[in-house]
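Please read the structure below before turning to the comments.
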Amino acid sequence: MMDGKLMKSRPEAEGVMTTPNDEALPTGWARWRDDLVGGLVGALFVMPAVLGCGLVVFQPLGAGFQSLGIQAAFGATIAAALLRGLIGGRGLQINAPRATQAALLGGLLTQAGQVAATGGHEVAAAPMVAITVLALAVAGLAQMLLGLLRLGDALKFVPQPVIAGFVNGFALVILVQQLPYLLGLPDGVGLRALLTGAAGVTPGALALGLAAAVGVWRLGERRFVVPGPLVGLVGGAALYQLALTVTDGAIALGTTVKAPPPGLPVSWIWPGVTELIAHPVFTAMAPSILVTGLTLGMISSIQSLLSAAAADALLRARHDSSRELLTQGGANLLSAAIGGTVTGGSPLYTRVAIHNGARTDRANLFVGLALLAAALGLSPLLELVPVSVMAAMVIVTVLRPDDWTWQLITLLRRTKMPQARAELIQNLAIVLVVALLVATADALVALAVGMGASVIVYLRRAAVSVVRRSYRGDRVHSQTGRSDVDMERLERHGGSIAVMELHGPVFFGSAENLARQAEALAEGCQTLILDLARVNDVESTGVLVLRRLDERLSRAGVTLLLAGLSKGRGLRVLLRDMGYDQPEREGRIHGDLETALAAAEDQLLKRLAGGRDEDEEMPLAEHPSLYGLTRAQFDLLSLTTRRLCFAPGDRILTEGTTDDSQFFLVRGRVRVERRLPGEEHGVRIGTIRSGAVFGEMALLTGEPRSADVVADSEVVCHELTADDIAMLDNIDPAISFILLRNVAIEVTQKVRRMSRTASLSDA
């Protein structure tokens, strides 16, 4: 069934203003006119749903209750439309009865019949109808309570596969219920009688139903002013009357729908409620009535909120979830009071109304009035419609999977990636299991199993994805400036440092898997770094597993460093408050991965150098940037340079200055900073340690300094200016050539290391 559009868009004219989405929004009487047209077209499209739902709700009571079911559906839809039109929500939404939800009430009636038969009780019609009324009242009260507690947004966290499973499960229930009517079986006879041979198919009734169904199906997705099922009902009724005339009643064509009694579609059901409460069946059915009502309220609320969200997208508006639930609950409570059935927001009929001009909930007034007029004058026409044709229209309506399930199936057919296909198959499996449980067991069981399966799927995904990437320190180094000798040592021995970058939550579902991977990566290493910068949460079990991992690594001689835990970060405080404070006490927590990797490299180089500390001054003759100089060349250079000492915090170079010196660092470490506008302190962008050189680029290019260089510890360095190099050139030009060659070698090695790191990141 597709939405038609009776009104074409018109150019902006007098009496029309524009909305934020650049559509013309009529004012004054034009708004009333468009809401009138949109409401009338919406009512036309809603009518087949009303008839189909009426056929479903009291189906377990037999064909004699078809007229009462249609009356209940009309009454509920009219009450909901008028209530919305009078009090409204924040945004337009058209309510309609849902056959899938009505099937839940029908299942309750089936259960009540079984309970009565088991206990040897007879239950009159009025108390049986009152069972659905009480369940509907519970649903309405539950929706209103959710609205009052402002829990509308919380319902959106029910997984979509579970919702889709309920929708498809109810559709399956309806299909099974309507097949006997389509086949023309006698009233009260089910499919089991057909299979055992106790009853036979009525070919004429089946032919009429199939002809109407095929006709509507062939209409497909074509835009049509009149909804397809309504065309099918009219066409089927016409074929029925034509066949009666031509055959003169010689061919059995099945029965026709029993029309509701003339007058207002309202039933006084409260005597039946009091009779039910006094009946022995009520005690056995009370828990089921309560559970069914709560389930119905939740499902109706979720679908109504999803429908409201779809209407928001069309109108560029935002609905109030709490007010929407209060309105929907009030509508269902009112429906229960007049003997109606369940209704809820419908994205299809809302879209129809919007596309035909409706913009406010005032359109619901015209939907309600139009349906009321149809209910008052429709009885003679309904008696012309064959039951098999009505059943065929209901089956056509529910036969297609819901849109979300259909999207999953389409994506599964198109997607070739194994991981994406596995996720789609998991979602479809949840949909299928929930649908089968709804059809064969109980809605509450289906909800529990669906939620449980969704949680298990989520835990499996979270457990698999906690490790973002891992690597060794011989492939990726920190950005710390070091001598060529130190870098060569890191290239050769850096594999004793392992890094594991994490992301997502570390909890009971992922922590053990993380611990196993971390221990496997740490084999043969001296230091393991866990980068927690992208970890958004660690729960108690995750903290316990991290502490045990630290203890096992320590016994194996591996030092664990935690990175990405800056001072004041909540995760750092959480680890300390939960008793895992040993890393902080021992100085094994670092604010970012760069500083943690640099610290691990420092410890490794210190071990490789036989314990020599960076605070020991390196002889200038051993500085790697002076390799290749002869003894005489070095003596000449050493007489030219100046030995400078700096205390921690001293600024050695200043960003933007044009001095032309380079510095050979022989003791301590310095940090490179960039100053941000309006900030007193700079941002660290790198660290340089003893054995490296800094300031050489400004010397070579003549450009201003690009960053500050500040002493991080007691620093000793030797300064060489451009004037010094010019003087050396006059004495021995080979000295400046050797210095320039060493700088070029160092830059080339830096580029090679950066390329290797970039290739690892891409991988």
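Even glycines carry a Cβ here, placed using N, Cα and C.
Here's what TrEMBL has on this protein:
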type     : residues : note
COMPBIAS : 1-13     : compositional bias 'Basic and acidic residues'
DOMAIN   : 496-600  : domain 'STAS'
DOMAIN   : 625-720  : domain 'Cyclic nucleotide-binding'
REGION   : 1-22     : region 'Disordered'
TRANSMEM : 36-58    : transmembrane segment
TRANSMEM : 64-87    : transmembrane segment
TRANSMEM : 99-117   : transmembrane segment
TRANSMEM : 123-149  : transmembrane segment
TRANSMEM : 161-181  : transmembrane segment
TRANSMEM : 193-217  : transmembrane segment
TRANSMEM : 224-243  : transmembrane segment
TRANSMEM : 289-315  : transmembrane segment
TRANSMEM : 365-398  : transmembrane segment
TRANSMEM : 428-459  : transmembrane segment
Q. For the transmembrane segment (36-58), which partner among 161-181, 224-243, 428-459 gives the most CB pairs under 8 Å?
A. 224-243
Q) What is the pLDDT of the domain 'Cyclic nucleotide-binding' (625-720) when averaged and given as a whole number? A) 87
(Q) Let's see if you can do this one: DSSP helix, strand and coil counts over the domain 'STAS' (496-600), in that order. (A) 49 helix, 28 strand, 28 coil
Q.
From the DSSP assignment alone, can you count helix, strand and coil residues within the domain 'Cyclic nucleotide-binding' (625-720)?
A. 18 helix, 40 strand, 38 coil
Q: Take a look at 64-87, 99-117, 161-181, 365-398 and tell me which one has the most Cβ pairs under 8 Å to the transmembrane segment (428-459).
A: 161-181
Q) Do at least three CB pairs under 8 A connect the transmembrane segment (365-398) and the transmembrane segment (161-181), leaving out pairs fewer than 6 apart in sequence? A) yes
**Q.** Cβ-Cβ under 8 Å with the transmembrane segment (99-117): same-chain residues at least 6 beyond its ends
**A.** 49, 52-53, 56-61, 73, 123, 128, 131-132, 135-136, 166-167, 170-171, 173-174, 177, 281, 284-285, 288-289, 292, 295-296, 299-300, 341-342, 344, 394, 397-398, 443
Q) So which residues does the transmembrane segment (365-398) touch in its own chain, when a touch means Cβ under 8 Å and the partner is 6 or more beyond its ends? A) 1, 35-36, 38-40, 42-44, 46-52, 55-56, 63, 66-67, 70-71, 74-75, 77-82, 85-86, 94, 99-100, 170-171, 174-175, 178-179, 181-184, 202, 205-206, 208-210, 212-213, 216-217, 228-229, 232-233, 236-237, 240-241, 253-265, 353
